[in-house]
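Peer 1: Encoded as structure tokens, here's the structure I'll be asking about.
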Amino acid sequence: MAPLALHLLVLVPILLSLVASQDWKAERSQDPFEKCMQDPDYEQLLKVVTWGLNRTLKPQRVIVVGAGVAGLVAAKVLSDAGHKVTILEADNRIGGRIFTYRDQNTGWIGELGAMRMPSSHRILHKLCQGLGLNLTKFTQYDKNTWTEVHEVKLRNYVVEKVPEKLGYALRPQEKGHSPEDIYQMALNQALKDLKALGCRKAMKKFERHTLLEYLLGEGNLSRPAVQLLGDVMSEDGFFYLSFAEALRAHSCLSDRLQYSRIVGGWDLLPRALLSSLSGLVLLNAPVVAMTQGPHDVHVQIETSPPARNLKVLKADVVLLTASGPAVKRITFSPPLPRHMQEALRRLHYVPATKVFLSFRRPFWREEHIEGGHSNTDRPSRMIFYPPPREGALLLASYTWSDAAAAFAGLSREEALRLALDDVAALHGPVVRQLWDGTGVVKRWAEDQHSQGGFVVQPPALWQTEKDDWTVPYGRIYFAGEHTAYPHGWVETAVKSALRAAIKINSRKGPASDTASPEGHASDMEGQGHVHGVASSPSHDLAKEEGSHPPVQGQLSLQNTTHTRTSH
């Protein structure tokens, strides 16, 4: 490759990071809610992801539970600071809800999990830049895509100008305004509340109402206008959930925002993080129990069948980044305090389902569609189109919350056929001949490790103090998208990981802990990049110094590509 081309490749992530920063500044200046939503420690976290933590003088043995992006980021910054880190992952792969499907025949990719990052997520952009990942534009909106409701089909550039043509009996003051503008009309009262009450009190008020209550009540929208928002903007997924959560989500998810994606697939992010680690990453290693003592934490993991033996690892500190349902399956001794148990039970995960269909050619290009999404009131709800020159693997359906119920319980074949029917209804029967008969379905509510797509809280039924997951329980710390705002985004998981890492790095641990012969710090020093879980029932990680343990399903960067799933 020519030197000039190499220089350009190096500059791509830097330039995109600068563009994202400028886009964020422009969007922030226009969004009156941005200041209220902004994390007070955001700039500090940005510095940590850029420069790392201060080098520790007292390395600690840290066990990170979960190899999703939160666990991997925390492991990286703690390892870089000099701590001895081991990651335990119950699944047979890394990445968590970052899950890239790769078609073995065509090379086309589809994102079963995370697929975009808004320009306001500067921490995530900086992380990708630091790992050498190339970013490019994610097309959220294309004016030539379609909206079909009540058997009326219009191009989205028409819907933006005259949404009443879809058949909604809008009030005179609602007609001629885009769905986004109608939503902003409803937020006028919320803006007044922000100015009168301040962010803290206003958000507490918003947490007590559903989005539907607010839009019809204080928002003073007509029922047809609210139905329009539900059909066209998928706001119906929030209708019975907290208005505060809807506000947070809308600050990151709008067709008017700018988004980026990772060139080559989002799974390159966890792979890049993995390659930067020096400690153990154990797969197929579900944590079943934790016992805190005065000097360390004993972590029990279950080995793979048929033995199902328990093994014990010791650490000075544990960071729990697993999903809420996974954490609830762990036995804690002493038990988690009541307020933490209640906080875990309060976590409300909504289902999320994606259905991809593979076609022989990108037929949507003939309709001048080069990305973005179409909307339908049929079961598939949202259809996302891949960018030009990236194949014909179509995200034929993306549903979440109550809308995902349409695909629950269906067989893989039934789910594919249902999505195909909806695509054919929108684009014509010719798509049936163009479908190559293959596809992939991912239902996150049925994933045994996440048991849900992401967290969105319902209204608070009574006044409670906000759950503060940044406060550790003894030697146990918490991170993950469920522990911070806004829920459901990769950057949120990263922010939570950085906060936990800062606290762990500043913790004053006894020097003797780091050299304990009963711990596993010595194993980590001797083994370097060993990935897998011990398969021998009698193998004791704490006693194997300077040698590689037997591994089961050894992980490498080459075998993390994903085959078709039947979920």
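Note that Cβ sites are derived from N, Cα and C of the backbone, with glycine treated the same way.
According to Swiss-Prot, the FAD binding site annotation covers 69-70, 89-90, Arg97, 113-116, Val287, Glu481, 488-493. Residues or ranges marked as substrate binding site by Swiss-Prot: Arg116, Tyr398, Gly488, Trp489. Residues annotated as compositional bias 'Polar residues' in Swiss-Prot: 553-567. Annotated disulfide bond per Swiss-Prot: Cys36-Cys199, in sequence order, evidence recorded as similarity to another entry. The annotation N-linked glycosylation site is assigned in Swiss-Prot to Asn54, Asn134, Asn220, Asn559. Residues or ranges marked as region 'Disordered' by Swiss-Prot: 506-567. The signal peptide annotation in Swiss-Prot covers 1-21 and rests on experimental evidence.
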Peer 1: Among the recorded positions Cys36, Ala90, Ala114, Val287, whose Cα is within 10 A of the Cα of Gly488 (substrate binding site)?
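Peer 2: If one measures from the Cα of Gly488 (substrate binding site), the recorded positions that come within 10 Å are Ala114.
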Peer 1: Express the distance between the Cα positions of Ala90 (FAD binding site) and Arg116 (substrate binding site) as a whole number of Å.
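Peer 2: Ala90 (FAD binding site) and Arg116 (substrate binding site) have their Cα atoms 26 Å apart.
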Peer 1: Determine, for the substrate site, the additional residues of the same chain whose CB lies within 8 Å of the mean position of the CB atoms of Arg116, Tyr398, Gly488, Trp489; present them in sequence order.
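Peer 2: My list of surrounding residues reads Ala114, Met115, Cys252, Leu253, Phe454.
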Peer 1: Looking at the recorded positions Cys36, Trp489, Thr492, whose Cα is closest in space to that of Tyr398 (substrate binding site)?
Peer 2: Trp489
Peer 1: Let me know the most crowded of the recorded positions, choosing from Val69, Ala90, Ala114, Cys199 and counting other Cβ atoms within 10 Å.
Peer 2: Val69
Peer 1: Of the recorded positions Asn54, Arg116, Asn220, which one has its Cα closest to the Cα of Trp489 (FAD binding site)?
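Peer 2: Smallest Cα separation from Trp489 (FAD binding site) among Asn54, Arg116, Asn220: Arg116.
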Peer 1: Any idea which of the recorded positions Cys36, Val287 has the thinnest Cβ neighbourhood at 10 Å?
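Peer 2: So among Cys36, Val287, the recorded positions given, the one with the fewest Cβ atoms within 10 Å is Cys36.
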Peer 1: Of the recorded positions listed here (Cys36, Asn54, Arg116, Asn134, Cys199), which is spatially closest to Val69 (FAD binding site) when Cα positions are compared?
Peer 2: Arg116
Peer 1: I'd like to confirm something. Which of the recorded positions, Cys36, Asn54, Asn134, Asn220, has a Cα closest to the Cα of Val287 (FAD binding site)?
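Peer 2: Out of the listed candidates, the nearest Cα belongs to Asn54.
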Peer 1: Once the chains shown are all counted, how many other Cβ atoms turn up within 10 Å of the Cβ of Trp489 (FAD binding site)?
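Peer 2: 23, counting other Cβ atoms within 10 Å of Trp489 (FAD binding site).
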Peer 1: Under a three-state reduction of DSSP output, how is Tyr398 (substrate binding site) classified: helix, strand, or coil?
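Peer 2: In the DSSP reduction, Tyr398 (substrate binding site) maps to strand.
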Peer 1: Out of Arg116, Cys199, Asn220, the recorded positions in the record, which is closest to Thr492 (FAD binding site) when you go by Cα distance?
Peer 2: Arg116
Peer 1: Checking the contact step here: among the recorded positions Asn54, Ala114, Asn134, Asn220, which have a Cα within 10 Å of the Cα of Cys199 (disulfide bond)?
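Peer 2: Checking each Cα against Cys199 (disulfide bond), there are no hits.
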Peer 1: Asn220 (N-linked glycosylation site) to Asn54 (N-linked glycosylation site): how many Å between their Cα atoms?
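Peer 2: Rounded to a whole number, the Cα-Cα distance is 52 Å.
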Peer 1: Where the distance is taken from Cα to Cα, which of the recorded positions Cys36, Arg116, Asn134 turns out closest to Asn54 (N-linked glycosylation site)?
Peer 2: Asn134
